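Asker: I'd like to ask you about the structure that follows.
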Amino acid sequence: MEFAELIKTPRVDNVVLHRPFYPAVEGTLCLTGHHLILSSRQDNTEELWLLHSNIDAIDKRFVGSLGTIIIKCKDFRIIQLDIPGMEECLNIASSIEALSTLDSITLMYPFFYRPMFEVIEDGWHSFLPEQEFELYSSATSEWRLSYVNKEFAVCPSYPPIVTVPKSIDDEALRKVATFRHGGRFPVLSYYHKKNGMVIMRSGQPLTGTNGRRCKEDEKLINATLRAGKRGYIIDTRSLNVAQQTRAKGGGFEQEAHYPQWRRIHKSIERYHILQESLIKLVEACNDQTHNMDRWLSKLEASNWLTHIKEILTTACLAAQCIDREGASILIHGTEGTDSTLQVTSLAQIILEPRSRTIRGFEALIEREWLQAGHPFQQRCAQSAYCNTKQKWEAPVFLLFLDCVWQILRQFPCSFEFNENFLIMLFEHAYASQFGTFLGNNESERCKLKLQQKTMSLWSWVNQPSELSKFTNPLFEANNLVIWPSVAPQSLPLWEGIFLRWNRSSKYLDEAYEEMVNIIEYNKELQAKVNILRRQLAELETEDGMQESP
């Protein structure tokens, strides 16, 4: 297919762009295969470049011969284009709708994008499983890398290489895979060097109504326990929901077969509930006519902050089991690709200082989301505005980033990255020139040959010139476990995501720049003080030597 076939009118003059908190801009609108571009005739610096893949929905209005297109983006932005001529407006709208809903992944922009920067580091090879394994293999000999899934035959949503107990052979793993949802047998998620406890994750056991068991599965997770120790199974579903899945062949671990494990049920909502929550929240944020009571009522009705609280509470429970009770844990929901990954990731941010650095967080995203099989292509296909909802869309990753922001806000000096880093990840998960978030799992990414045909997001982010934008000026390395508050008063709305297009950020940006300047000035003064102290010490040493006989 040629993109030209979808572009009925490639260029229109005298188009007026309207955006909140910006003056209207008149210019030329151009459509390419992947971008909507508006360039001002008066000022060449005034430009809009918008990826078609970032467009969630469009509305059309007509007043006489003037047409208006309202574009609603996946990053929650809303922009308005006034286009002279009804035919031109209809053609532009038709082209945008076609180009923003391309069926084939290989027609998306990452397959056509060519970087304008020098690639210093190939991000596709920055966080390989072998490298991650080396970080803790020196502290324990109880784990090994397994290549049982190298052809993706055992579990289509797992990577080719996984970490499992050394005492469990590959044949046993194949048997366990038939007992777990989607073949997702228990694998290592995190090793706590302080006490050797671990977090494992998996899909639900397929016990069904008959109470089916798998001795290899029991042996596998028991291999993570120390002598005389008990472990915890954290099921992210309520007991009622977990029991209902038994009728469909799913279920949970029976106490009789797992006597060394205590099962705890939490109530993190399934992914399809979350999409409706996001729609309600964004709708409330965009309505500027609310009085205070109405705003608070709509915010509460969205249940977004309730989801945040439930996820963070479960992550804190997991971290508490590991660090304070000295117990290993297994985490799963139903599929093991959504709430499971939210909890394992957040628990690591609480427990492990490395996950609070830029590269450590990138490694976490790579390991616990991309390689672990979170279906980004499905979950991020649409955002809060799309009219044609599919059952698999859900802001699971955005909820996770919101939880990270909540912890960052409570511990502003313990994270090497800033809020802009989290916002950038949200934007690229939904629309990007990079191939990192394409596909639903490693199997699909291999078939698409993303490493050969697209650029990794990490190749761009980890350039020194870009890193400075995402670095937290307040960062001071903190090697302690951090315990966030989950009290309702401690969990505000993330304005940087949900209100950034509805308010001017001018004064916030100026205040941030001033803070950075003050911190840099303090560092310069501290460096001068250190030099003067060193010189004073040298002078005192010389005086002492001269006075001695």
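A Cβ is built for glycine as well, from the same backbone N, Cα and C atoms used for every other residue.
So Swiss-Prot lists the following for this protein:
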type    : residues : note
COILED  : 508-542  : coiled coil
DOMAIN  : 4-99     : domain 'GRAM'
DOMAIN  : 123-498  : domain 'Myotubularin phosphatase'
MOD_RES : Met1     : N-acetylmethionine
MOD_RES : Ser548   : phosphoserine
Asker: How about long-range neighbours of the coiled coil (508-542): same chain, 6 or more residues beyond its ends, C-beta under 8 Å?
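Answerer: Beyond its ends, the coiled coil (508-542) has Cβ neighbours at 473-474.
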Asker: For the domain 'GRAM' (4-99), what are the DSSP-based totals of helix, strand and coil residues?
Answerer: 20 helix, 50 strand, 26 coil
Asker: Over the domain 'Myotubularin phosphatase' (123-498), work out the mean pLDDT and round it to an integer.
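Answerer: When the pLDDT values over the domain 'Myotubularin phosphatase' (123-498) are averaged, the result is 96.
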